[in-house]
Structures are given as C-alpha cells and as structure tokens.
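Going by Swiss-Prot, these are the annotated features:
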REGION    120-184  region 'Disordered'
COMPBIAS  144-159  compositional bias 'Polar residues'
COMPBIAS  168-181  compositional bias 'Polar residues'
ACT_SITE  Y253  active site
ACT_SITE  H261  active site
ACT_SITE  K292  active site
Amino acid sequence: MLVVEVANGRSLVWGAEAVQALRERLGVGGRTVGALPRGPRQNSRLGLPLLLLPEEARLLAEIGAVTLVSAPRPDPRNHGLALASFKRQQEQSFQDQNTLAAEARETRRQELLEKIVEGQAAKKQKLEQDSGADEGGQEAGGSEATQGSETSDDGQPSAEQEGAAPSLDSSSPQPGPSNGVTPLPRSALLIQLATARPRPVKAKPLDWRVQSKDWPHAGRPAHELRYSIYRDLWERGFFLSAAGKFGGDFLVYPGDPLRFHAHYIAQCWSAEDPIPLQDLVSAGRLGTSVRKTLLLCSPQPDGKVVYTSLQWASLQ
C-alpha cells in the first residue's frame, strides 16, 4: 500500500513509483513542489515531493489506496548523524563505481588481448621477411662468410644473434596483467540522486476523521463541501486540480492533464448560500476569456450534486 506523509495539513508523496501509480491507476495528479537537483533556482519545472489536495488525500484514504501517516518532527540533534550517514553512502557509491570501471576495463583488455598478440606476430614476421630479402640480394660469398661468422662450429647461434632476438620482442608492447588501475577522478564519478524517501521508522497512522495538528480539515464545512463535489466528479472519470489562479475551487479535465486542457472551472456553492451577481458575472467572464466553462456545483441533501454551466456571451 502507498504511504502519504501528512504534516501541518500538507499531504506529501515522496516516491516516484507511487506518484506514477496515483496518476495512471487512480486518476490523481497532485502538484509537484520540490526543486530539481540540477535546477534549484527556477520554478517552471518542479520535482518530488508531490503535494496532494486535502480532498485527494482523503479520497485515497477512504478507498483504501493509501495509508496516511504523521511524519515525525525532525530532531536537530540527529542532523549530524544523518549527514555522516549520507557521506558514508556517497563514499561507498564512489568505491563501487571505481570497482565497476576497473572490471570493465579489464574485460575490454581481455577481449583485445588476442588481437594484440596476432598483431605482434604479424609485425615480427614482416620484419623477418624484410631482413631475409635484404640478405638475399648480397653476393653468395659474402652471405656464406656472414653466415659462418654468426654460427659456431657446433651449429649453435652466436651471442650477437641471441641478443638481437629479444631486442626485437622488446620493441613492441607485451600484453600482460595490469599492475594496477588508476582510480577515476571525483569529477568523472556520478552522484546518486534519491528518487524516494524511506518510510520513517516512528511514523504513526493518521486518522482523517479526527481533527488534529497534522489534519485540521476534519469537520470543517468548507472541506466537506469541496470533498463531496470532488468525489462526485472523480467518480465520473474526470481529473481535477487546484484552480486558485482561475478564481475557482477545481480545474476539471476530461483526462490526464498532461494530454488535455481543462474544460471547466468548478466553483463549490452550498445549496442554501446565495451567489452574488457580481461574482457570478466576473467568474463567467473570466472562464470565457480563458476558453473554459464556469461550472457551479451544489450538493443536495439527498447526496446528489447539481451542476450548472455558465458561459459569458458578449453583445453582438
């Protein structure tokens, strides 16, 4: 089961796989609020953690898809231990990378060893052929005299000939085991970036039915109103997100927000609350100007939700 950490009314999802599962299987997108490690000074693209609306977190808890837990408060006395643990893990990662790099280089060297030996043999054979061709062009008498001086009476090669052979072999590189592998510089090593945070050991389950410091939404009329509408739209197959900058409660999408634009700006109104005409006109004009339809949502005592769509039509 997925885990959602709740602290001070904010519901956070820290795992990348959990975020993917919420979007693909449950139709809950949330909003990323974390800075990217390689782009911390911008806010156009954000990363983990994922911030859920209170209505999203409650819905997931009600259907049994997630477990809400209260995140433990950080203890400043443990910061030094956490930093030391992080540095140990980083050093271990660097050592593992150097070990893998050395193994890869040794494997590559073994693959090329046969080609190196063949190349050395071909080079040696070519030098011997060139030397034989030069000697064949000399006079027969001179060749016999030279041959007689290089060999002794018993047919053994002379000391000069013995010394020439190893000098030929030493002129070309000899394949053999490496005496050692130079470690990679720190600038060439990769720094592992965590994509998830382990579940806190001391985390305790959170009851969303009871109001607490971490979950102050329980029992609030505004939250109950928004939740009833959110769940009804979600059960109809819509994706929803926050719509604060559009003057509404939710943006309603026909599918994944990564593929579709929002079609509606949902405003939640209680059935007995009057709607000021000025707010109604301004919301309708705003929705039309951004090519969206204003959706007035009001839950009824029998549990059903009444929807009224509104578009502003200018005078012709």
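For all residues, glycine too, the Cβ spot is worked out from N, Cα and C.
Annotated features, which come from Swiss-Prot, shown on the structure.
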{"residue": "Y253", "record": "active site", "DSSP (3 states)": "strand"}
{"residue": "H261", "record": "active site", "DSSP (3 states)": "coil"}
{"residue": "K292", "record": "active site", "DSSP (3 states)": "coil"}
Least surrounded among the active-site residues, given as H261, K292, when other CB atoms within 10 Å are counted: H261
Residue pair Y253 (active site), K292 (active site) - Cα distance, angstrom, rounded: 11
Inter-residue Cα distance where the pair is K292 (active site) and H261 (active site), in Å: 9
CB contacts for Y253 (active site) [other CB atoms within 10 A, all chains]: 20
